[in-house]
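Engineer: One structure is given below, represented as structure tokens, and several questions about it will come after.
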Amino acid sequence: KMSSPALLMRVVASAYSVAEKAATIVRNVMSAGDLGIVEKAGPNDLQTKADRLAQMSICASLARKFPKVTIIGEEELPADDVTEELIEDGHCEEILKKPCPAQYTGIKEEELVIWVDPLDGTKEYTEGLLDHVTVLIGIAYGGKAIAGVINQPYYNYKAGADAVLGRTIWGVLGIGAFGFQLTEAPAGKHIIVTTRSHSSTLVNDCISALNPDTVIRVGGAGNKIIQLIEGKASAYVFASPGCKKWDTCAPEAILHAVGGKITDIRGNSFQYNKEVKHVNSAGVLATLRNYDYYASRIPNTVKQSLVP
């Protein structure tokens, strides 16, 4: 008889459905019209009712199925009982059909850490830049991002009333990434994607030093990695300490699953074990291809200003 799927594949298959549920919550809050915005650390650090409900749904749904997994979410929420309507019990059958890479077949629940950003691009969400918004569920093992789910709740939202709204991208190291068309950025062009609302002199000096043909400013780390894997940008550069582990875990797994690379500005890889500090204080440098070209051109003054 067929053995039951490995734990990792079951977690990813559940995370897929859980992310779709979160996307529905995000859309429903928006269409109901009361976003319930609160400022966390300031006007560029917002939380809405959608962030809160989506995180409750994601964390409670995954914790119910995988009680020994460590789950770390962006929002600090009271440990209220989560209503049943927020629980998602489904999973993606297609993911369960894929064989688990050999190096991950023996993983136990307590060895996994799941990093959750229930709504990446909150500021853009409040401003109606809906295509910037993603739901991020990243899965780490041994401190390394090994699988991830990125849902875009508003993918296709400008394509007319008949368009299917939203999509889910998922990936596992050793299997690949699915739900999008992998595309290389135009050859010989240096198109840099960076922050929209967290700019600074350092951020801009670093980008200038790379002599880009074009700079794209968008919200959300998930959205920026999507720009790389769909060939809209050749590098994601953010010389600032603003980004967190829940922003990078899922995107990193998907980018690495298709042969890309993400590090901090100094070239150090990110660690995702549960004890790690949450801030990626030395910024982000990511590419689908040609990582070394960009890494070699980051000025030393910029590297020295960012302490890991």
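Including glycine, each Cβ sits where the backbone N, Cα and C put it.
No curator has checked TrEMBL annotations; they are predicted automatically.
What TrEMBL records for GLU74, ASP117, LEU119, ASP120, ASP247 is Mg(2+) binding site.
Show me how these features fit into the structure around them.
Structural biologist: Around the Cβ of ASP247 (Mg(2+) binding site), the number of neighbouring Cβ atoms within 10 Å comes to 28.
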Engineer: Under 8 Å between C-beta atoms and at least six apart in sequence, can you list the same-chain neighbours of ASP117 (Mg(2+) binding site), or say none if there are none?
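Structural biologist: Correct list: GLY73, GLU74, THR134, VAL135, LEU136, ALA221, GLY222, LYS244, TRP246, ASP247, ALA250.
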Engineer: For a quick check of understanding: among the binding-site residues GLU74, ASP120, which residue's Cβ has the most other Cβ atoms within 10 Å?
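Structural biologist: The largest 10 Å Cβ neighbour count belongs to ASP120.
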Engineer: Within 8 Å of the Cβ centroid of the Mg(2+) site residues GLU74, ASP117, LEU119, ASP120, ASP247, which other residues of the same chain have their Cβ?
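Structural biologist: Going along the sequence, the neighbours come out as ASP51, VAL116, PRO118, GLY121, THR122, THR134, VAL135, LEU136, GLY220, ALA221, GLY222, LYS244, TRP246.
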